[in-house]
Amino acid sequence: MGFDLGSAMMKLGVLSSSDDDLPHAITLFVALLCFSNLIGHLVQHNPWLNRPIICSLIGLLAGGVILLKSKGESSRLLEFNEELFFIYLLPPIIFNAGFQVKKKQFFRNFMTIVSFGAIGTLISFVVISLGALLLFKKLDVGFLDMKDYLALGAIFSATDSVCILQVLRQDETPLLHSLVFGEGVVNDATSIVLFNAIQRFDLSHVNSAIALKFIGNFTYLFVTSTCLGILVGLLSAYIIRKLYFGRHSTDREVALMALLAYLSYMMAELFYLSGILTVFFCGIVMSHYTWHNITENSRVTTKHLFATLSECSEDFIFVYVGMDALDIEKWSFVRSPWTSLGVSLVLFSLVLIGRAAFVFPISFLSNWAKKAQSDKVELKQQATIWWAGLMRGAVSVALAYNQFAKSGHTSRPGNAIMITSTITVVLFSTVVLGLVTKPLVRLLLPPLIRFNSQLSSEPSSPKSITLPLLVNGQDPPEAGGGITNIVRPASLHHPVHRYWRTFDDSYMRPVFGGRGFVPVVPSSPTETNDQPQ
C-alpha cells in the first residue's frame, strides 16, 4: 500500500488511555484466538460451521461481553490499524497461498483465472461504483466525492474465498478449486492495485488522458510487482542451492526463506508496488525451486510454519471484525441505524449483480475457447464460483478503514456509515452465507461427481511432504544421491506447458534447482550430531 514504515511500527491502541492496560488487552485477545482455535478443531466436521464463522461469532460474543462490562462505552480490546494489517497480517496469508498452490492446475487454467481475477474484478468495480453513485443519492449518507465512490468499487470487489475453499478440496475438485483459489488471490491483488491507483489520481475531473494514465499505472503495477516477486524467489533458490545452508543448519535456511519472502513484500511496498502480487509469486517460485533445495526437516518445518502464520493472521482478523461490529463509537456518528442497514443492503445487492455480470459471461467465453470437456466449467460449477466470490473479508475491511477512517474511528457521518456498512456486509456474508456454503456445495456438487472430477497430477506442492519425493510412484532417490530424470505424465503435454517444461528443465532447474535436479539431503549434520547416542 506504500505505507510509511515508521508509522506502521506504532503499536495498537487500547481503549484505556493507560499503556499499562496494553498487556491485559493483548492477553485477552490471544486467549480468544486460542479459544477460537479449540472450538474450530472440535467442529471441523460440522456440516454448517467453519473457522471464519467460528472466529466471527466468538468476536461478536466477546464484543457483547466487553460492551456490557464497559456499560456501553466500547466493545473492543484493541483498535484496528490498517497499516498493521497490510504490513504484518496480510503477507503471511498471501505468501502461504502461493507457497501451497497446486502449480500445474493454477497455470493450466491461468488465462481463465486471470480473466476472473483481473477482468472480472474490473467489471465488478464498475458495477459497484456506478451503482453506488446512482443509488446513494437517494439515501442520506453524508458527503461522498467521486474518489469515495470509486474506492467503494475497489473495496467491495475484493472477495474472501476462505469459507468455500475449506469445502472444496484439491483432490476432489482440482479444476474448481484452482479457479476459486487463483481468482481469489488475483482478485485481492487487483482490488488493492485499483485502490492504490485511485488514491494517486485527481479524479474530480476525469478525461481520456487521465483514464489512459490510470490504465497505464495499473498495468505497470501489475507487471512490475509480479516480476519483483519472481526475482526474489529465484534469488532465494540460487543462494540456498549454491551455499547449501541445509548442510549446516536447518534453522538458517528456514529463516532465510521466511525473511526473503517478507523482504519481497516490503520491497514492493517501498517502491509503491503491489506487495500482495509480489509475495504471492515469490511463494510460487519458492515452492517450485527453493523448497526442493532444502533438507527434509526444513521442508516439513516451512510447510507448517507458513500455514500456521497464515491461519493465525486470518483468525485475528475475523475475531476483530466480530468485536468491531458492536463498536458504539462508530454507530453513534451514524444518523440512523436504518440508513447504515439500507446502505449495506444496496452494497450487497451490487456485489451480487457485479459478481454475476462477469462470472457467467467469462465462463461462457472460456468454455468456447477450450476443446477438452474436462477443462470446461459446467453451469453448476459456475454457480459455485459465483457463490464463492460473494463473501467479503479482511481486505475489504482494511481498505474501508484506510479510505474512511483513521485509527479505527471517524466523526464524519458519511464515513461512519461506510465503515459500519462494510462491517455489516462482511459479517453477513461470512456468517450467514458461510453457514449454508457446505450444504449448497454438497447440493451443487454431489460427492460422487466431486470425486470423479478431473484429478490433479501435480506432485510438487508443499501441501504434501511425501509426494514431492516420489516420481510417478517410483522410489525416491537415496539420500545424497544424484539427479533424477523425471518422467512427465501424459496429461502435462499441453503445448504451452510442454514448452515451459522444456525451458524449465534445460535452463532454469540446472541453475536454481528443483524437484529431481538436486540431491536429497535428509537432514543437516548439526541435527544429526545433536541426536542422543
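Cβ coordinates are placed from backbone N, Cα and C, and glycine is handled just like the others.
Marked as transmembrane segment by TrEMBL: 22-40 (among others).
According to TrEMBL, the feature domain 'Cation/H+ exchanger transmembrane' maps to 52-442.
Sequence-distant neighbours of the transmembrane segment (52-72) (same chain, 6+ residues past either end, Cβ-Cβ under 8 Å): 15, 32, 35-36, 39-40, 43, 160, 162-163, 314-315, 318-328, 393, 427, 430-431, 434-435. For 52-72 (among others), the entry in TrEMBL reads transmembrane segment.
Panel annotation: around the transmembrane segment (84-101), residues 1, 3, 5, 8, 12, 181-182, 184-185, 188, 261-262, 265-266, 269, 275-276, 279-284, 286-287, 291, 302-303, 306-307, 309-310, 313-314, 316-317, 394-395, 398, 461-463 of the same chain, lying at least six beyond its termini, place a Cβ under 8 Å from a Cβ of the stretch. The transmembrane segment annotation in TrEMBL covers 84-101 (among others).
The transmembrane segment feature in TrEMBL is assigned to 113-137 (among others).
Marked as transmembrane segment by TrEMBL: 218-240 (among others).
Taken from TrEMBL, the feature transmembrane segment covers 260-286 (among others). Within its own chain, the transmembrane segment (260-286) has Cβ neighbours under 8 Å at 1-3, 5, 86-87, 90-91, 94-101, 103, 106, 185, 188-189, 192-193, 196, 221-222, 224-226, 228-230, 232-237, counting only residues six or more beyond its boundaries.
Annotated transmembrane segment per TrEMBL: 341-365 (among others), in sequence order. Long-range contacts of the transmembrane segment (341-365) within the same chain, counting only residues at least 6 positions beyond its ends with a Cβ under 8 Å from a Cβ of the stretch, are 112, 115-116, 119-120, 123-128, 131-132, 135-136, 139, 141, 152, 156-157, 377, 382, 385-386, 389-390, 392, 417-418, 420-422, 424-425, 428-429.
Same-chain neighbours of the transmembrane segment (385-404): 1, 52, 80, 82, 85-86, 89-90, 93, 116, 148, 151, 154-156, 158-165, 168, 176, 179-180, 183-184, 187-188, 191-192, 195, 314, 317-318, 321, 351-352, 355-356, 359-360, 363, 377, 410, 414-416, 418-419, 422-423, 425-426, 429-430, 433-434, 437, 440, counting only residues six or more beyond its ends whose CB sits under 8 Å from a CB of the stretch. Annotation source TrEMBL lists transmembrane segment at 385-404 (among others).
Residues or ranges marked as transmembrane segment in TrEMBL: 416-436 (among others).
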